[in-house]
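Read through the structure below, which is laid out as structure tokens, and then see the notes.
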């Protein structure tokens with residue numbers, strides 16, 4: 001009995017069966033509940049006597065174990081792919097956020113951005129690390145934290161432009177307007193890295209004031225904030241007597257040297273740069289400057305206009321110069337004397353040529369100047385030819401000449417030479433002066449200080465203050481190298497104390513080998529083997545003897561055994577006894593040769609038995625053939641040497657007798673190759 005009421009009949013007599021897990025009304029028989037799930041915590045006792053709770057707690061975003069139904073049933077109720085992606089993204093966001101020291105609010109916001117990117121399928125085709133870094137930087141921009149995209153690039157070891165491309169894509173697709181970064185956020189961070197000590201706050205405040213002035217002068221828009229921070233910190237450090245070099249600043253703000261110098265140049269063009277330190281700290285100029293890009297554009301426009309004006313003025317000046325040049329040429333033509341006779345015709349021809357060339361426009365200004373100079377030189381020549389002597393202009397119109405042209409001999413005088421002009425004497429003097437002073441040309445190692453003032457030499461010698469400044473500059477430039485050397489010396493000293501230092505052996509100086517002088521290749525190889533032996537297991541004296549006797553000698557040939565020579569001769573002379581294998585009738589029909597064939601004499605070695613030869617039909621009496629028996633070394637003559645070539649002649653089909661053609665060869669022979677039996 002329970003306090004439940006039946007929904008069918010309203011009775012309260014309800015029977016509960018825990019084994020079946022159902023509730024049935026005993027009045028009407030309706031089933032009120034089926035498969036009742038018990039929600040209380042149950043404990044089970046294990047075989048070892050311990051008790052354990054039944055079931056497990058699964059968090060909302062935690063990775064739970066795969067549930068099992070009994071020992072033999074495993075049900076895979078894992079998460080879907082999107083849930084796994086979100087879980088991995090949250091883990092990576094927390095990992096990177098802890099390295100950047102972001103608070104929990106920023107991490108949750110970044111995870112929300114990541115979920116939006118996953119829902120819009122922006123993670124497809126992109127690495128998850130890039131998307132997570134872009135989400136974190138998006139949070140840094142919206143929340144105003146002093147973090148740069150370069151910091152995330154250093155953590156992930158990824159190109160900063162790749163992360164920037166992903167960040168711009170997320171901001172555009174998610175419709176998030178990322179505000180511009182205020183460079184004032186990075187001033188405390190960079191000032192702490194530059195180590196200003198007790199004046200860190202003062203330098204930071206001065207740098208912030210400089211940045212505000214730069215923002216009012218439109219230097220902030222379109223510029224990287226790190227470059228402005230570097231320029232402001234460099235100026236603020238100099239204002240507070242801190243000597244920070246450009247290299248130290250760019251190593252902290254992570255911009256290139258040209259960017260930092262460009263920001264300083266832009267600040268130098270503003271009126272604020274003309275103020276003193278006290279005036280800058282007390283006075284704020286109300287006027288604002290134009291943006292640097294606009295100023296640069298105006299400057300380029302003015303330069304272009306000036307170039308156009310100058311080009312017009314240059315054209316006007318060139319026109320005036322050409323007019324003056326024409327007037328000068330006209331005056332020179334008028335002042336030129338008129339020639340008579342043959343010279344007049346020559347001058348006329350020259351004038352016509354000049355007129356034609358001027359009409360064609362082939363001569364330039366340089367040719368005109370040369371013509372003017374030639375006209376002045378020809379003027380004296382004409383006077384000399386016409387007057388008989390230089391300077392006698394009146395003789396040109398004297399009746400002695402009578403209008404006759406000068407003789408050809410006077411016109412064909414020899415041209416001036418180097419001797420007549422005195423050039424050879426000057427050349428000889430120059431050569432003699434060079435030969436008399438060989439020390440000046442070659443130099444003997446002594447410095448000639450004659451003609452040099454002492455004050456000029458003193459300017460090359462540094463005084464104490466200049467030497468001290470130069471020494472400080474050298475120490476500052478080579479500080480890193482000196483520090484490494486000190487660390488190296490300390491490490492070596494420590495290793496020597498511990499007894500683990502190994503002395504580096506000095507390198508042996510390699511001597512250049514003298515070239516091998518040899519007349520033949522064999523001699524060169526022998527000398528090379530003497531200098532550098534290939535192997536210690538080779539007796540080079542025996543090898544040298546073998547190489548000297550490698551050509552072969554007569555006594556070695558004579559020492560060969562007798563039977564080898566005779567066997568060689570017999571092997572060359574031996575031919576097949578018969579070449580049967582074809583039909584006898586066809587053999588007779590093919591060969592129209594005499595039935596009797598003469599066999600050449602054969603040499604029989606010692607110990608060989610001569611086989612009896614059967615007589616052939618119609619054999620003609622042949623000359624007796626001598627049997628040569630070799631009993632020792634035999635020297636063969638030319639006829640025997642010719643016999644050695646018989647195998648080449650016997651390649652063809654040999655002559656056979658009638659008995660051989662009929663197949664009645666009664667003396668022993670080997671079986672034919674083509675025997676068909």
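Backbone N, Cα and C define each Cβ position, glycine as well.
Summarising the annotation, Swiss-Prot assigns Zn(2+) binding site to 6, 9, 25, 28 and lists sequence analysis as the type of evidence. In the three-state DSSP assignment, the secondary structure recorded for residue 9 (Zn(2+) binding site) is coil. Around residue 9 (Zn(2+) binding site), taking its Cβ as the centre, 13 other Cβ atoms fall within 10 Å, counting all chains.
What Swiss-Prot lists as compositional bias 'Acidic residues' is 640-653.
Swiss-Prot lists 365 with the feature phosphothreonine, giving a large-scale study or a structure entry as the kind of evidence.
DSSP classifies residue 450 (phosphoserine) as coil under the three-state reduction. Summarising the annotation, Swiss-Prot assigns phosphoserine to 450 (among others).
Annotation comment: Swiss-Prot describes 553 (among others) as phosphoserine, evidence class a large-scale study or a structure entry.
Residues or ranges marked as region 'Disordered' in Swiss-Prot: 340-368 (among others).
Taken from Swiss-Prot, the feature region 'Disordered' covers 385-413 (among others).
Same-chain residues lying 6+ beyond the ends of the region 'Disordered' (501-521) with a Cβ under 8 Å from its Cβ atoms: 492, 495, 527-528, 531. Here Swiss-Prot flags 501-521 (among others) as region 'Disordered'.
Look at Swiss-Prot and you will find 544-653 (among others) tagged as region 'Disordered'.
The feature repeat '1' is assigned by Swiss-Prot to 91-172. Averaged across the repeat '1' (91-172), pLDDT for the predicted model comes to 92.
Annotation comment: Swiss-Prot describes 185-269 as repeat '2'.
What Swiss-Prot records for 2-33 is zinc finger.
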Environment of 6, 9, 25, 28, the listed Zn(2+) site - residues of the same chain whose CB lies within 8 A of the CB centroid: 7, 8, 10, 11, 14, 26, 27, 29, 30
Close in space, distant in sequence - residue 6 (Zn(2+) binding site), Cβ under 8 Å, 6 or more apart: 12, 14, 25, 27, 28, 30, 32
Position of peak Cβ density within 10 Å, selected from the binding-site residues 25, 28: 25
